[in-house]
Amino acid sequence: MKILLIGYGAMNQRVARLAEEKGHEIVGVIENTPKATTPYQQYQHIADVKDADVAIDFSNPNLLFPLLDEEFHLPLVVATTGEKEKLLNKLDELSQNIPVFFSANMSYGVHALTKILAAAVPLLDDFDIELTEAHHNKKVDAPSGTLEKLYDVIVSLKENVTPVYDRHELNEKRQPQDIGIHSIRGGTIVGEHEVLFAGTDETIQITHRAQSKDIFANGAIQAAERLVNKPNGFYTFDNL
């Protein structure tokens, strides 16, 4: 499989290493600013790359969105999470002409976590729910896109849910519809996501811990391996 990388930060550098270990070929990289240290052919536009089978994006909205407005016909795996609503609308539009895969978290374990959560929420309807995520001290956005995904699962199953981000400003007891959302930043934490169900005299915790960023890179590669054989459409872990 011949892969075009959109962005060449820490994550796509991992994609390149792991993809080549699997026998795939990196045919080029698209970056905001060409760099002499990038060990692959650099391009400005997706359509300029003639021999790629798929593009894998681990970049940011500033790089990705202008590319999506261009005309190209390359299967696309997207891991950028910024400006999610705008991004999903654009990817849905593109999926009429190319196969597109999107996930806010490329770990299949996190996908499994969302399924476990969907099963637990109706069973624990009278339990309070708190969501916590922890990441390294260089992560700039909070809460994480994955935590937002977990929150969306809860919203789809419970009515009148209220997100609570900063409880120290509230001078009132917890309300039944509250969903606490907490972010921790420190050290080199790869990524941890926890759902706490707190009931009377008992608690249940569901946790996913990433032990290496390789899980996200491998997830993107595995998605690409499947996507290249798919017809045009919008794909997630649910239908890939």
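Each residue, glycine too, has its Cβ placed from N, Cα and C.
Here is what Swiss-Prot says about this protein:
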BINDING   Ala79, Thr80, Thr81, Ser103, Ala104, Asn105, Met106  NAD(+) binding site
ACT_SITE  His135  active site, proton donor/acceptor
BINDING   His136, Gly145, Thr146  (S)-2,3,4,5-tetrahydrodipicolinate binding site
ACT_SITE  Lys139  active site, proton donor
Listed in sequence order, residues not in Ala79, Thr80, Thr81, Ser103, Ala104, Asn105, Met106 with Cβ within 8 Å of the centre of the NAD(+) site Cβ atoms: Val78, Phe102, Gly145, Thr146, Phe216
DSSP-derived structure type at Thr81 (NAD(+) binding site), helix or strand or else coil: coil
Any further residue of that chain within 8 Å (Cβ to the Cβ centroid of His136, Gly145, Thr146) of the recorded (S)-2,3,4,5-tetrahydrodipicolinate site: Thr81, Asn105, Glu133, His135, Lys139, Asp141, Ser144, Leu147, Gly191, His193
Residue among the recorded positions His135, His136, Lys139 whose Cβ has the most other Cβ atoms within 10 Å: His135
Three-state secondary structure, which DSSP defines for His135 (active site, proton donor/acceptor): strand
Sparsest-packed among the binding-site residues, when each Cβ's other Cβ atoms within 10 Å are tallied, from Ala104, Met106: Ala104
